[in-house]
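Colleague: Starting off with a structure, shown below.
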Amino acid sequence: MDNTWFNSPLLGLVLTFFTYKIGERLVEKLNLNFLPPLLTSCALIIFLITFTGLFTYEQYALGGTMINFLLGPATIALALPLVRNFSVLVKHYKILFIGVLTGTLSGVISIIFFARLFGASEQVMFSLVPKSVTTPIAMEIASTLGGIPPLTAACVICTGIFGAMCGHKILAAIGVKNDISIGLALGASSHALGVSSCIPISALQVAIGSLAIALVGIATAIFAPPLVNLL
């Protein structure tokens, strides 16, 4: 078999696109709103690499990693709802400030505490600290701290998938119904993937969540290094 196709960046690009579209169709046809298409895409790609033997991860990554540059623009694109709801954001700036600060500090401190409790290496701990931050910022923070950026990216994705799948259910179970609180909680804890689950529900949730993504990224970059050294 000619391996030209399998050694081309097009393999990763096309495979990523089509597996994601398959995930979207599954959600649409089977009404699986709790299942993020990203999770289906990852599962299909892992299955193909592991069990078919048609290509390796390195061959897939030739094109798959080319998509990474879209992470930044995708995060920035979430700022559009901020313009539409700017007056609401200004009105609730105190809640946002307190929520972002609390979410950032509790997230970083809890990771440090449990990493030390279970004997994780410092490199692993540094990789986990920015797990609630959007991927481009999280990888940079991990690199600065001395962590492993690819491990950080994996943790960020898992955190986002969990937030997208379970965030609204958990918040509803504890009686949180306010759109501002929901958007803030998901944006601060599960970044863009979590906020994406708000899109069919409420533009205000998306607006608040988008702002939380940016603010938590900045706050984590500021507070993580001194907290790691202090604790």
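Each Cβ is built from the backbone N, Cα and C atoms, and glycine gets one as well.
Okay, these came from TrEMBL:
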TRANSMEM  6-22  transmembrane segment
TRANSMEM  34-55  transmembrane segment
TRANSMEM  61-83  transmembrane segment
TRANSMEM  95-118  transmembrane segment
TRANSMEM  148-168  transmembrane segment
TRANSMEM  208-228  transmembrane segment
Colleague: For the transmembrane segment (148-168), what are the same-chain contacts with Cβ under 8 Å, counting residues 6+ beyond its ends?
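Modeller: Distal contacts: 34-36, 38-39, 42, 123-124, 126-128, 130-135, 138-139, 141-142, 182, 185-186, 189-194, 196-198, 201.
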Colleague: Check the transmembrane segment (34-55) against each of 6-22, 95-118, 208-228 and return whichever range has the most CB pairs under 8 Å.
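Modeller: Of the candidates 6-22, 95-118, 208-228, 6-22 scores highest.
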